[in-house]
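Engineer: The following feature annotations were taken from Swiss-Prot:
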ACT_SITE  77  active site, charge relay system
ACT_SITE  152  active site, charge relay system
ACT_SITE  176  active site, acyl-ester intermediate
């Protein structure tokens, strides 16, 4: 059996009734991964041995009937630490790095009985929006293998969309969960900053990074967030979890809910078919009883510029630790200490990572700090204030997740600015530390279109409520790419 069309709750019932074992489900999942891997390249490491050991232990202990995730396989983005499983951040720099600890999010998932089946491919050090900067080769879109899957959580999204796994973890610094979720037609949530511990996440932009869940449906996404969210003394930016159950509002109607539609999110640079899809979605929300009104987020247009100064500056600092001395790649042609540093970093990092390190170092350098980094911080505050003004009167914000559907592989690699602009609609959410979700809302040119819902801090349950109401009255989430295959 493949089980790839079974929901988490259906799988849980099969496990509790002992119609299948955790080992059988894990073996089937591993076969799903292997059978699709040549077409997608969505995994860096398939952790077969470790997964089967975990599954056997769960079978021996018995499935927890009160825990819907007990015995359920999970794929983890390759920048999230996993004890005893290679964690490379898809970089030559960390080609041989095997952590001796689990990230808190992974540890939380394991505590719930989840089984880590592998580490998913990604843009190197989470720097990229197409899944093409990986040292291990580009990931392919689940719907069309000549298209990008989005990034940086490319493998995590493609793996869920293709039926390799039901659930996966990604990280989102400027849209890296939501954009690949949109491009692959699944549900991806970037939680409020601090909701999921960053301990064990290989840092890119520390004021922006957040771990979050991928799933085929809204409820399954919320169930995974339930498992991984926690306050953590090991992460000074983590916050108390204010919601006992993120599924609590799923199934409730949205009559009277006020939803804002920013005019800037449907302006210049938005594909006409994407715009039409989002406007149709807005009408659908109105049919469900919500009140949808146009608003303005005037400083959102500066989001990309602000982000690439702040994120690159934080990256240039965070990546200083990779020097060829302590762990990771060390150049063999170095004859002195300076050459070890220079050659190891030059050879170990890919072009996009080096570009961002240089941009960040420049922004922080003497004479340019005030003009760039300090100014970016000031404009970031204006972006936050724009959101606060809107959320004083509205429950949620609605818009497209990305300006277009997935584009051709290798079409923007030589135009980094064009690729950066693809994050135009997701970046402001990270700058403000807000929660945002992408859900399937239609198709254009045979490819999925993602709808983004944004809420004020700690409003994930309201986001899930609205997303689930849309999902329950549409069938976009039920449509699957050819590679998904049948179920038996």
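Every residue, even glycine, has its Cβ placed from backbone N, Cα and C.
I'm curious about the neighbourhood of these features; can you describe it?
Structural biologist: When secondary structure is read from DSSP and collapsed to three states, residue 77 (active site, charge relay system) falls in the strand class.
Around the Cβ of residue 152 (active site, charge relay system), the number of neighbouring Cβ atoms within 10 Å comes to 34.
For residue 176 (active site, acyl-ester intermediate), the same-chain residues lying six or more positions away in sequence with a CB closer than 8 A to its CB are 123, 126, 129, 151, 152, 153, 170.
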Engineer: Within 10 Å of the Cβ of residue 77 (active site, charge relay system), how many other Cβ atoms are there?
Structural biologist: 34
